[in-house]
Every structure is written in structure tokens, then in C-alpha cells.
Amino acid sequence: MVEIAVMGYGVVGTGVIEVLAKHAEGLTLRAHEAIHVKYVLVRRDFPNPPMMGTFTKSFDQILEDPEVKIVVEVMGGLNPAYDYVRRCLLAGKSVVTSNKELVAAKGADLLQVARDKNVNFLFEASVGGGIPIIRPMSQCLAANDVVGVAGILNGTTNYILTKMFRDGTDFQSALKQAQELGYAERDPSADVEGADACRKICILASLAYGRHVYPEQVHTEGITRITLADVEYAETWGGVVKLIGEVKRTPDNRVSCIVCPMFIGRESQLANVDDVFNGIMVRGDVTGDVVFYGKGAGKMPTASAVVADVIDCVKHLKARKYLYWSDGDPDYVEDYREASRIFFVRAHAADADAAFEKAAAAFPGASRLHRKQAEPGEFAFVTDHLQEKVCDEKLAQLQKEGLTVDSRIRIGEM
Ligand code: HSE
């Protein structure tokens with residue numbers, strides 16, 4: 001029998017306890033040992049705690065109990081999670097977490113402590129909820145040099161965008177539904193402003209290239225400024241709008257990494273990833289594109305990934321699984337303005353046709369888009385490839401000449 005502790009009893013914590021109880025027999029077979037929850041760390045009193053495990057408010061009780069070999073951290077947030085996880089690892093306990101904020105901010109440090117102490121620090125649930133992605137990337141795709149990773153990494157925003165576009169549901173109602181379904185973060189601004197997707201692409205980038213990419217290094221834009229006009233233009237152009245997290249290797253061995261809404265062509269495998277589903281495309285130099293798809297948020301899918309990591313820890317109590325990346329560097333992430341892309345631009349002017357002529361002169365190769373419900377003076381176009389900083393300089397110049405840019409959205413090529 002292996003004793004474990006679960007720190008946190010929120011959406012994911014209750015899911016973990018439920019899966020451990022419901023699948024106890026099968027888990028014992030798969031782990032080759034029974035898994036027993038000795039403690040559940042909670043912040044408040046529960047009048048009728050479930051039978052399984054002992055509810056405690058004392059972290060020290062868990063830390064100081066040598067019988068506890070594996071600790072599951074599902075509290076979320078950086079504090080006190082970072083301190084607790086670090087001390088558990090230092091005490092020789094393996095740790096499993098679903099906490100993407102923790103891994104994105106402190107992954108390199110915690111992986112180093114785990115390595116020094118010869119214990120495991122696993123975080124499959126931190127990206128993609130129930131989708132296997134950390135283990136496939138670190139093990140099954142290990143023969144590849146990763147050319148790039150692009151993904152729809154946030155279930156809440158994908159749910160909102162899908163509801164808005166498919167049913168005409170307004171942003172606030174769609175967000176409320178996502179919250180009721182348990183998809184959203186406690187503070188949903190982390191979803192809609194892109195911070196959650198940013199943490200996840202940081203984890204994938206660190207894993208793909210072996211060096212920590214920190215959230216502060218990644219330019220991040222959310223979906224709050226996306227309008228139905230943009231969506232209509234995306235359809236006219238031949239695609240959809242999705243919140244994308246993307247990382248690529250640059251020729252000088254750095255990385256280019258961004259989170260932002262993008263137009264995605266209908267032919268892309270990410271274009272049909274709807275509702276709360278996440279889709280992650282990994283481009284390996286040997287495999288070509290490999291796509292991972294599934295429920296990226298919610299209590300049970302996330303609990304599934306956490307419990308799988310617990311089983312892995314049980315099976316590797318005396319051995320370390322190889323999962324490691326080194327610390328980052330301030331110069332490691334390329335300035336996003338240097339990247340060359342195609343852009344969609346929506347603008348208006350007193351004379352739309354004349355303004356488009358000017359825009360077309362500034363952006364050679366630009367092609368105009370039309371939509372049925374266009375406002376008077378509105379026009380839109382798609383550029384050829386050019387550097388982002390050059391695109392913005394040209395748009396700033398056009399604005400000086402009397403045109404107003406309402407929207408500028410990157411076009412994804414994946
Ligand atoms: N709020 C997150 C999402 C939960 O919507 O994807 C899973 O990380």
C-alpha cells in the first residue's frame with residue numbers, strides 16, 4: 001500500500017478523490033499497489049468530510065509523515081503551493097500537480113530539486129486537462145527535434161468563441177456558462193486575457209526545447225477585443241478565429257513564442273477544435289505533424305491526468321523518470337515584433353475604396369475582403385508576409401493619413 005496526500009479540495013481535488021475511490025480496484029492492478037489517501041489538506045472545515053482520507057489543515061502533518069510518499073498538489077496559485085511543493089520534494093516525496101501557474105513560473109527550479117532528491121515531479125494535468133501531452137512529448141516524440149508547437153490551450157475561451165460564433169451568444173453569457181461548467185479559472189480574466197494559455201505554452205516550450213520559457217517573456221493577447229465583425233471576416237477569408245499559443249525554434253537557436261487570437265484556415269486540424277476541447281499540434285522533424293485532441297478543462301478530465309501521474313509515481317518510487325529542463329535566459333525568447341506573418345486588418349475611413357487603394361500601395365499583395373453587414377466606410381484586407389514591426393509602422397503611417405484601424409489580427413499558418 002502506498003500512502004498519498006492530496007493538497008487542495010476544490011474542483012480538481014474532489015475529482016481526484018472521486019476517481020481514486022471509484023477506480024480503486026483497477027488502479028491497484030495498474031499501479032501494482034493499493035493507493036491510500038492518508039491526508040486531504042483543506043483551508044476550511046468540512047462538516048461531513050468524505051470517508052476517504054483524513055482532512056487536515058496542517059501542511060506540516062503531511063510533510064513530517066514519512067509514510068506519505070506521494071503528494072498531489074491541486075490547490076492552484078503560486079502561494080503557498082510553491083513553498084509546499086518544494087518542501088515536499090526536499091523531504092524526498094514525489095509530487096504530482098495540475099498547477100500550470102506553478103510549473104510555468106517555477107518548473108526549472110522544482111525539476112532541479114526533484115533531480116537532486118531523486119524523486120519525481122510530474123504535471124501531466126497542467127496542460128490540456130485530460131489530454132496526454134507532457135508524457136508523449138517527453139517520451140514518445142523524443143526522437144524528434146521539435147520544429148514548433150501550436151495549440152488551442154484554453155477550454156474556457158474556446159467554449160466562449162464557439163458559443164459566440166455558432167449560437168450568437170454574447171460574451172458574458174458564454175463566460176457564465178463556462179464558469180458554471182467548472183471550466184473557468186477562479187479569476188476568469190486569466191482565461192479571457194490569455195494568461196492561462198500563456199502558462200501552458202510556456203510549459204510546452206520549456207519541454208520542447210529543454211530551457212525554461214517564463215510567462216513574462218511571452219507576448220500575450222486575449223479574446224476580449226474580438227468582435228462579430230472579425231469573425232464574419234474570418235469566415236469570408238475561409239477560416240475561424242481561435243486563441244492560439246505558439247512556439248517555434250528560430251534559426252539562431254532561440255524561440256519565438258506568442259499567445260493571441262489568430263485566423264486559422266478551415267483546412268487546419270485546429271480549425272474544428274470547438275467547445276471546451278483543446279487541440280495541440282506538435283511538428284516534429286521526423287514525425288511531421290502530430291495532433292492531440294480532447295477535453296482541456298473540467299473536473300474529471302483533469303483528475304484523470306493527475307491520477308495517471310500518481311500511478312506513474314507509484315510505479316517509479318525508487319527510480320526517477322526523466323523529465324527535466326534547465327533555467328531560462330532573458331535573451332532566449334525572440335521579440336515578437338521580429339516575426340514575419342500575414343495579417344488581417346479591419347479599418348474604416350470616409351471613403352473606403354480610396355483608403356483601401358492607399359493601404360494596397362503600402363502593403364503590396366494585399367487582398368481585400370468583404371462582408372455582408374459591413375458598416376459605412378468599413379473595409380478589410382489581408383497582407384502578404386511581413387515583419388510585425390513593419391506592419392505596425394505602415395498602419396501607423398496610414399492612420400496619420402486619415403484611416404482608422406479597428407482590428408489587426410495575425411493569421412496562423414498551422
Ligand atoms: N481555465 C482553464 C481552461 C482550465 O479553461 O482551459 C484548465 O486549465
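If you go along the chain as it appears here, the first residue is 1 and each next one adds 1.
For all residues, glycine too, the Cβ spot is worked out from N, Cα and C.
What TrEMBL says about this protein:
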BINDING   Met7, Gly8, Tyr9, Gly10, Val11, Val12, Gly13, Thr14  NADP(+) binding site
DOMAIN    8-124  domain 'Aspartate/homoserine dehydrogenase NAD-binding'
BINDING   Lys100  NADPH binding site
DOMAIN    132-311  domain 'Homoserine dehydrogenase catalytic'
BINDING   Glu185  L-homoserine binding site
ACT_SITE  Lys200  active site, proton donor
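Within 10 Å of the Cα of Met7 (NADP(+) binding site), not one of the recorded positions from the list Lys100, Glu185, Lys200 places its own Cα. By the rule that a residue counts when its Cβ sits under 6 Å from some atom of ligand 1, the binding-site residues Met7, Tyr9, Gly10, Thr14, Glu185 yield Glu185. Closest by Cα distance to Lys200 (active site, proton donor), from the binding-site residues Tyr9, Gly13, Lys100, is Lys100. When the Cα atoms are compared, Glu185 (L-homoserine binding site) and Tyr9 (NADP(+) binding site) turn out to be 15 Å apart. When the binding-site residues Gly8, Gly10, Gly13 are compared by the number of other CB atoms within 10 angstroms of each CB, Gly10 has the fewest. The CA atom of Thr14 (NADP(+) binding site) is located 18 Å away from the CA atom of Lys100 (NADPH binding site). Within 8 Å of the centroid defined by the CB atoms of Met7, Gly8, Tyr9, Gly10, Val11, Val12, Gly13, Thr14, the record's NADP(+) site, lie the Cβ atoms of Val6, Gly15, Val16, Val74, Met75, excluding the listed residues themselves. Least packed by the Cβ count within 10 Å, out of the binding-site residues Met7, Val11, Val12, is Val11. Secondary structure of the domain 'Aspartate/homoserine dehydrogenase NAD-binding' (8-124) per DSSP (helix as H, G, I; strand as E, B; remaining residues coil): 54 helix, 22 strand, 41 coil. A 10 Å cutoff on Cβ-Cβ distances gives the residue listed as 'L-homoserine binding site' a total of 18 other Cβ atoms nearby, all chains included. Cβ-based neighbour count (10 Å, all protein chains) for Lys200 (active site, proton donor) stands at 26. If you measure from the Cα atom of Val11 (NADP(+) binding site) to that of Lys100 (NADPH binding site), you get 15 Å.
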